[in-house]
């Protein structure tokens, strides 16, 4: 399959800011439902466990978008894609705000998650437009927007639902997604149809990249181990915070998650490190920080200081690692950034799901130390990605 050389050096500050803002706003749509499951359940007269299908639908929808939408960015005009997906997402979110039943809400939020993969279109575009010596820095600004959107969505969604009701969460997000998406379209350059191949040919090429490119495999393995470890402890963090001896309320436990915003502030620093030191060394640093955090967190069962210190370090290690690993993956062939990002994000997303499940199981069997040791096991597996895999 033919690809074209990347047109580098055209990344302006306005474009980078627009990409970071749009990434943060759109990625937030995936996490809107998590803090409002209780009110949704009350509205439709069901249990929070049943209403959780809305969150599940969003995760499944996002996975489908990664696999079936992102590869189109290698052959279609990404400016047009961002505009179309922003409009579709806004319409589906508006529909979600009016959903008459839980099944309808689940379907609409699932479809909105399919189309809200705009950040994963913007990241390869930023990589392609950036000067090769500054790709890590450029990508890290978009990742900072992503982190802010992910962390901020949980807080804003819960607060807005408390003030106006959960339907206004979806309505407000629809408006914000549309406005920011269309503004971003005005800033993005049009790159036309660069690789005129069929949609199915794009999908069929995915396994070939993974088979041919050892650098891609290493980056995916490092990130998979890191994200699985992150989810093993992050999924169970609220459980240890609300249990004795800490005894936090659910609201207080949620605020502890704000420590994750520290990683957003450090994202540009991580990007510069990648540009100067290379992704392999910085990827190793990310794994090391995560391992340190997991070891400190083991003490968190009885020590609040250790728990808070480890909680602050975990997202920092994850961000440092992702800045390196995603840069390494997309640098394999910037002209095929959409497909490379599909492989990278799908493997990351799958590993995160496995990490969440494993962390929950080991927490139930062995308590908080069990979840932390599980994270260390995943990090050891990710460390294999530092070796020269053929």
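Glycine too: its Cβ is placed from the backbone N, Cα and C atoms.
Long-range neighbours of the transmembrane segment (12-31) within the same chain, counting only residues 6 or more positions beyond its ends whose Cβ lies under 8 Å from a Cβ of the stretch, are 58-59, 62, 82, 86, 89, 93, 112-113, 116, 118-119, 122-123, 125-126, 129, 138, 141-142, 144-146, 148-150, 152-154, 156-157, 173, 176-177, 180-181, 183-184, 187-189. Annotation source TrEMBL lists transmembrane segment at 12-31 (among others).
According to TrEMBL, the feature domain 'Major facilitator superfamily (MFS) profile' maps to 15-390.
Residues annotated as transmembrane segment in TrEMBL: 51-70 (among others).
Nonlocal intrachain contacts for the transmembrane segment (82-99), taken as residues 6+ away from its ends with a CB within less than 8 angstroms of a stretch CB, comprise 22, 26, 29, 69, 105, 108-109, 111-112, 115-118, 121-122, 167-171, 173-175, 177-178, 180-182, 184-185, 188. The annotation transmembrane segment is assigned in TrEMBL to 82-99 (among others).
If one looks beyond the transmembrane segment (105-126) by at least 6 residues along the same chain, the residues whose Cβ comes under 8 Å of a Cβ in the stretch are 11, 15-16, 19, 22-23, 26-27, 29-30, 32-33, 40, 44, 53-54, 56-62, 64-66, 68-70, 73, 78, 81-82, 85-86, 88-89, 92-93, 95-96, 99, 138-139, 142-143, 145-146, 170, 177, 181, 184, 188, 191, 326, 330, 334, 337-338, 340-342, 345. Annotation comment: TrEMBL describes 105-126 (among others) as transmembrane segment.
Long-range contacts of the transmembrane segment (138-156) within the same chain, counting only residues at least 6 positions beyond its ends with a Cβ under 8 Å from a Cβ of the stretch, are 11, 16-17, 19-32, 34-35, 119, 122-123, 126-127, 129-130, 254, 257-258, 260-261, 263-265, 267-272, 274, 315, 319, 322-323, 326-327, 330. Taken from TrEMBL, the feature transmembrane segment covers 138-156 (among others).
According to TrEMBL, the transmembrane segment annotation covers 168-188 (among others).
Per TrEMBL, the feature transmembrane segment maps to 220-241 (among others). Residues 210, 248, 250, 252-254, 256-257, 283, 286-287, 290, 293-294, 297, 300-301, 307, 310-311, 314-315, 317-318, 321-322, 324-326, 329, 343-344, 347-356, 358-360, 362-363, 368, 371-372, 374-376, 378-386, 389 of the same chain sit 6 or more residues outside the transmembrane segment (220-241) yet have a Cβ under 8 Å from a Cβ within it.
According to TrEMBL, the feature transmembrane segment maps to 247-269 (among others).
Residues or ranges marked as transmembrane segment by TrEMBL: 281-298 (among others).
Same-chain neighbours of the transmembrane segment (304-321): 143, 147, 222-223, 226-227, 230, 233-234, 237, 240-241, 246, 256, 259-260, 262-264, 266-267, 270, 273, 282-283, 285-294, 296-297, counting only residues six or more beyond its ends whose CB sits under 8 Å from a CB of the stretch. Annotation source TrEMBL lists transmembrane segment at 304-321 (among others).
As annotated by TrEMBL, transmembrane segment applies to 342-361 (among others). Sequence-distant contacts of the transmembrane segment (342-361) (same chain, at least 6 residues past either end, Cβ-Cβ under 8 Å): 59, 62-63, 66-67, 70-71, 120, 206, 209-210, 216, 219-220, 223-225, 227-233, 235-236, 325-326, 329-330, 371, 374-375, 378.
Per TrEMBL, the feature transmembrane segment maps to 367-386 (among others). Beyond the transmembrane segment (367-386), the same-chain residues lying 6 or more positions past its ends with a Cβ under 8 Å from any Cβ of the stretch are 217-226, 228-230, 232-233, 236, 239-240, 280, 283-284, 287, 290-291, 294-295, 297-298, 300-301, 351, 355, 358-360.
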As a test of reading the model: what is the averaged pLDDT for the domain 'Major facilitator superfamily (MFS) profile' (15-390)?
89
